[in-house]
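Accompanying notes for the structure given below.
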Amino acid sequence: MNIILVLPRVSYRGGERIFYTLALGLTRLGHRVKIITASVDEKNAFPFDKKILLVSPPKLINMFLQSNVSLFLFSFPVLLVLLALSAKDTDIIDSESFFSLWASIIIGKLFGKKVVWTIFAFERKPLGGSLLNNLFAHTLRKIDRFFARQADGYACIAPRIARVVKRTYGIEGVRLTIPAIDLARFKKAKRGKFTKKFAGERGKLLLLPATLHPKKNQELAIYSLKRILKVFPGSKLILLGEGKDEGRLRRLSKSLGLNRNVVFAGVAKGGSMGEYYKISDVVLVTSKVENEGLSMTAFEALACWKMPIVSKGAGAAEIIEGKRIGLVANPTPADYSRMVIEYLGHPGKYKTILSRGNRFVRGELTLEKFARDTEELFFLI
């Protein structure tokens, strides 16, 4: 089967990583996979396996589409052209949301191809501001609803997403497909220069891998660190990622006297992600988005035998709590820091939970299972 996966941008973030692991799994089942994108973040994008074809615009157009504004304005026509050039020989188009989906639906109808909408997360800001802005947003929602209901199949990565898609779009039968963890990504880990400096650090190392964005709620970890330091002096919080919220988070850390304890480590490249998990004592997931998808960080941590402490607002909390494979805390500095302190003080008490979580990830979140579940949906439509 010839399969196209469509997303607006390829960088280092979760949604792109999920589609990439799906592509890896599908190629191992013998399918030919293309990933079509309007923009590649060449600075931070992860390398692609040779079996997966990445289709992106020419270099000058790609450079122009690096900003979020230009991507919003022009990703739709760019994806429309790239899809039209590739659609003839394809069997299935599997697309992310919004403009990616719009372009996929149009090309699917023109070329007689089946289209699956895969929903990683769902975020809709409330209407507000000027009448013109409200009218524009309302119009986009109407168009989006129209295209969303034209897809031939639907998949999501978290139970809460299936519920919100039904409520918002009136779409039933959204298939829950939990993504895979590519264990090879961590087996190849090499000890980098940055992680070496933490060897022998006094205190504990708290790792928080996420885009620096208000919805990822890193400030919860920073405020919690203030309390954690009273019990574990010298501890450090490693913020792994980049984003527009970095300046505010740096100012917050400084105002709390934590600028030496909060480390802004940037994007983990190559095999260094596995090394960060290795050196950490605990992994934090602090998101507070109502309809976030599945915070894969929690499951990556379990794959590396590290305990994730997940806030109740995070997308992974429902599965982590339901299957008892990690720790879930209220998203307040008092409650969250209390959970971190309890775990760091008595990690042996939680060995059963950690072992159960590791078995779950290695048994259920495999590339083959993810690919076969998705393949089954493709065959059904």
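Each residue, glycine too, has its Cβ placed from N, Cα and C.
Unlike curated entries, TrEMBL annotations are predicted automatically.
According to TrEMBL, the domain 'Glycosyltransferase subfamily 4-like N-terminal' annotation covers 13-183.
Taken together, the residues in the domain 'Glycosyl transferase family 1' (197-348) have a mean pLDDT of 93 on the 0 to 100 scale. As annotated by TrEMBL, domain 'Glycosyl transferase family 1' applies to 197-348.
Under the heading transmembrane segment, TrEMBL lists 69-87 (among others).
Taken from TrEMBL, the feature transmembrane segment covers 99-122 (among others).
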Requested in this report: Mind checking which residues of the chain, 6+ beyond the ends of the transmembrane segment (99-122), have their Cβ under 8 Å from one of its Cβ atoms?
Outcome: 6-8, 14-15, 18-19, 72, 75-76, 79-80, 83-84, 87-88, 90-93, 143-144, 147-148, 150-157, 161, 164-165, 168, 174, 177, 289, 291-293, 315, 377-378, 381
